[in-house]
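Copied over from TrEMBL:
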type	residues	note
COMPBIAS	1-10	compositional bias 'Polar residues'
REGION	1-50	region 'Disordered'
TRANSMEM	78-99	transmembrane segment
DOMAIN	86-529	domain 'Major facilitator superfamily (MFS) profile'
TRANSMEM	134-154	transmembrane segment
TRANSMEM	166-188	transmembrane segment
TRANSMEM	194-215	transmembrane segment
TRANSMEM	227-245	transmembrane segment
TRANSMEM	257-278	transmembrane segment
TRANSMEM	343-364	transmembrane segment
TRANSMEM	379-401	transmembrane segment
TRANSMEM	408-430	transmembrane segment
TRANSMEM	436-463	transmembrane segment
TRANSMEM	475-498	transmembrane segment
TRANSMEM	504-525	transmembrane segment
REGION	545-576	region 'Disordered'
Amino acid sequence: MGSASLSHSNPGPHERAHPRTVMQGRRRRKVWGLEARPPPSKSKTHTNCPASAVDTQGTYPWTPTLTSFFCRISHEDWSCSLIVASLVGAFGSSFLYGYNLSVVNAPTPYIKAFYNESWERRHGHPIDSDTLTLLWSVTVSIFAIGGLVGTFLVKVIGKFLGRKNTLLVNNGFGIFAALLMACSLPAGALEMLIVGRFIMGVDGGIALSALPMYLSEISPKEMRGSLGQVTAIFICIGVFAGQLLGLPELLGKESTWPYLFGVIVIPALVQLVSLPFLPKSPHYLLLEKHDQEGAEKAFRTFLGKEDVSREMQEVLAESRVQRNIRLVSVLELLRSPFVRWQLITAVISMACYQLSGLNAIWFYTNSIFGKAGITPEKIPYITLSTGGIETLAAVFSGLVIERMGRRPLLIGGFGLMALFFGILTITLMLQDHAPWIPYLSILCILAIIAAFCSGPGGIPFILTSEFFQQAQRPAAFTVVGTVNWLSNFTIGLLFPFIQQSLDTYCFLVFAAVCFAGALYLYFVLPETKNRTHAEISQAFAKRNKAYPPEGKTDSAVTDDKMNIQLEPDSSSALEN
């Protein structure tokens, strides 16, 4: 019985669970046992790192240098497969979302001229200004409607295909949309551009739900934040790429604007040919497909090591309350008392993400730059600085998120946005009083963008992945994604009226939203860095007034849960 009792005990600080083979009749079976191991040697941990990057305790001091950063990620077993999966997944997904946010700005006059020509060819008279405005508004806003549809589709597709295959299938939407939009001018059909924008929105809705789930499930908890920020980084890179390619010297000309939409094919094809060579999510394989060997193999591939027992234990601990796993519906998630405040927090953080006013910044950028004395010909190039600031701030957040945590970056980001929105309101009121005030307005714009991308621009997606267990995650992303796209559509629809009514005071509305979001998160949001789902659930349990079943027994992973492939008579093999 000694072996049986050992398998029910918790591993000590220098023990590890590892698979061993026992004989059961004529069959070999792999079971989980415990084996003592010596404490890790600090002298071998940093063999490739310079002495300046490591302190006397063998840890990494806080130095924001690339050397110390790469030493940390090499120590944390960032394998080539994990890096490739995050880069390829984000390039074909969140990059396209960011690209389509900014790509319509540069060719706006040419697209409107195309609409007028198409209308005149069909009806024999030019289009009136109200109809043209309506068609252009539909072209821009229908992207958000498509995103909402994609959010609802992701649960249906993901249930049958999993996270990775959902991303692969999603490339079909991107390629089809790109071909429609690129061929709209030669075909003389303005409907092709509008339908292409809608399908591209569907692609974005699926991508912003499936990609964060996939990245969260292939990474250990020590890397979830850094890997999750890849989504935000590539959104910013996509915005910058749309601004760059929209320059007149590149594709922002009357004869070449359709190619701005045609290049969408490239990221989709790169993901389509690269992602099949990478494993599926180990969480999906183990918890939904009950494929333990496949999950172990996927963990080894992504983590670049043979001993993945700790990661398997964490996933199996989550499976104790969902052995016969069934995906939770949206209605069941909304009614569940165990995740009530997790859902409220995820919804509020995502709503603040869209309603924080960053879209309003783009409306004022050109006028502020013009009043600062920048000539109209140079404004598009100066605008590139905003995309560059976005990207740098998102990269900074990815470098520090695992050291600083989610709370400081998210709360601090919203707080700084509220502060600089207030200052920007004052500078816009006084910008005619002194020649240097418009430059202060430019600095406020850049500061707002940096504050947004350093935390609020990506962390809401990470929190949604961390708050919910495997069976709840698709429904949670459906709810949060719906809030995301509805907020996107609402701000696009209402902002012109807000701006017309309040003029420069409209930024005070966004300052109030950011301040309210920071205040709520300060009192409600716990730190999720390096914490398992059970630990995060326990942090919310008091506020929910309901303790999750798995939280009380998470510290003891019993043998019948650890070994999901053992048959009832396998206990005798353990005793032998």
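Each Cβ is built from the backbone N, Cα and C atoms, and glycine gets one as well.
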Can you tell me the mean pLDDT for the domain 'Major facilitator superfamily (MFS) profile' (86-529)? 84
Quick one: do the transmembrane segment (134-154) and the transmembrane segment (194-215) have at least 3 Cβ pairs under 8 Å, skipping pairs fewer than 6 apart in sequence? yes
Counting only residues 6+ away from its ends, which parts of the chain sit with a Cβ under 8 Å from the transmembrane segment (257-278)? 81, 84-85, 88-89, 91-93, 95-96, 99-100, 103, 106-107, 110-111, 164, 167-168, 171, 174-175, 177-179, 181-186, 193, 196, 200, 242, 245-246, 251, 301
Can you find at least 3 Cβ pairs under 8 Å between the transmembrane segment (436-463) and the transmembrane segment (227-245), where each pair is 6 or more residues apart in sequence? yes
Per the Cβ under 8 Å criterion, with at least 6 residues separating them from its ends, the transmembrane segment (379-401) contacts 64, 69, 102, 106, 225-226, 228-230, 232-233, 235-237, 239-240, 243-244, 246-248, 252, 361, 365-366, 369-370, 409, 445-446, 449-455, 457-459, 529
Sequence-distant contacts of the transmembrane segment (227-245), meaning Cβ under 8 Å and at least 6 residues beyond its ends, amount to 82, 86-87, 89-91, 93-103, 105-106, 208, 211-212, 215-216, 218-219, 251-252, 260, 263, 380, 383-384, 386-388, 390-391, 393-395, 397-398, 401, 453, 457-459, 461-462, 465
